[in-house]
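Each remark here refers to the structure printed beneath this line.
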Amino acid sequence: MASPAAGDVLIVGSGLVGRSWAMLFASGGFRVKLYDIEPRQITGALENIRKEMKSLQQSGSLKGSLSAEEQLSLISSCTNLAEAVEGVVHIQECVPENLDLKRKIFAQLDSIVDDRVVLSSSSSCLLPSKLFTGLAHVKQCIVAHPVNPPYYIPLVELVPHPETSPATVDRTHALMRKIGQSPVRVLKEIDGFVLNRLQYAIISEAWRLVEEGIVSPSDLDLVMSDGLGMRYAFIGPLETMHLNAEGMLSYCDRYSEGMKRVLKSFGSIPEFSGATVEKVNQAMCKKVPADPEHLAARREWRDECLKRLAKLKRQMQPQ
């Protein structure tokens, strides 16, 4: 068995995101401590991780060079936070998206960690200035926002507090790369970070197009899944522009006036209520009934698709 990577990693919270982070860090050879205040929660989490890793190994989708058993041997549980922080180089907070709860956790960590550990939050929308301001170790704090499901979607948004040191950002970026993720540096905090701002822009226009009777809900989704989404799985919108003409300058010269004309026709922010909600809900429930069994099955299918796509992207040589 290969030697563990230098330093331990602590995961605070053993839900879906916490389990995913534990698997990712173990795949990179790190010893992982999984902390939760509820022992039964940790027991269930470890069993879930074991089943998932065995399944991934059988399908050839397990990350890292270690076997499932070797990775599992790197993951341990703990219920004492003061003991859990001993020897760790990185702490990844994964508790529910509640500002008061997260601030409480970071206040506890702030009082027991040294000056070397990185304090990282998995928050999807809470600004670092709300989470970390006032902490003694604020220079060591950063948001590392994963995308659900983190094991199959490698993007991680790194969002620093205004007082976060450049060294903390660099260390976290290098760590994410080491465990096979694709970190991006959000240079300054902004509500929604980058991914959700792009996602909400798409959702907003999609909603307006359905609301105004331009396209049906099912066809709207098809535009993304069988159109834009196929390109965006491999190249982003800016490179798409670059390739759709003789470079970026050519694209802007050719198409900027048309883009501005269309953009001026965009409407106001939708209310996401009323008749359109019923229309969209009816279309979605026709495709996937909104009961636990059907939703779980569809999520499983989605994750299988993402698993295969991730495998394909790993196999393809980046240009």
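The backbone N, Cα and C atoms fix where each Cβ goes, glycine too.
According to Swiss-Prot, the protein carries these features:
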- Leu16, Val17, Asp36, Glu97, Lys102: NAD(+) binding site (BINDING)
- Ala2: N-acetylalanine (MOD_RES)
- Ser3: phosphoserine (MOD_RES)
- Ser111: phosphoserine (MOD_RES)
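All features noted in Swiss-Prot, drawn onto the structure.
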residue	record	Cβ contacts under 8 Å, 6 or more apart
Leu16	NAD(+) binding site	Asn148, Pro149
Val17	NAD(+) binding site	Cys94, Ser122, Pro146, Asn148, Pro150
Asp36	NAD(+) binding site	Val12, Gly13, Ser14, Gly18, Ile42, Ala45, Ser77, Thr79
Glu97	NAD(+) binding site	Ser123, Ser124, Cys125, Leu126
Lys102	NAD(+) binding site	Glu93, Val95, Ser121, Ser123, Leu126, Leu131
Ser111	phosphoserine	none
Compare all C-alpha positions of Leu16, Val17, Asp36, Glu97, Lys102, the record's NAD(+) binders, and send over the largest distance in angstrom.
17
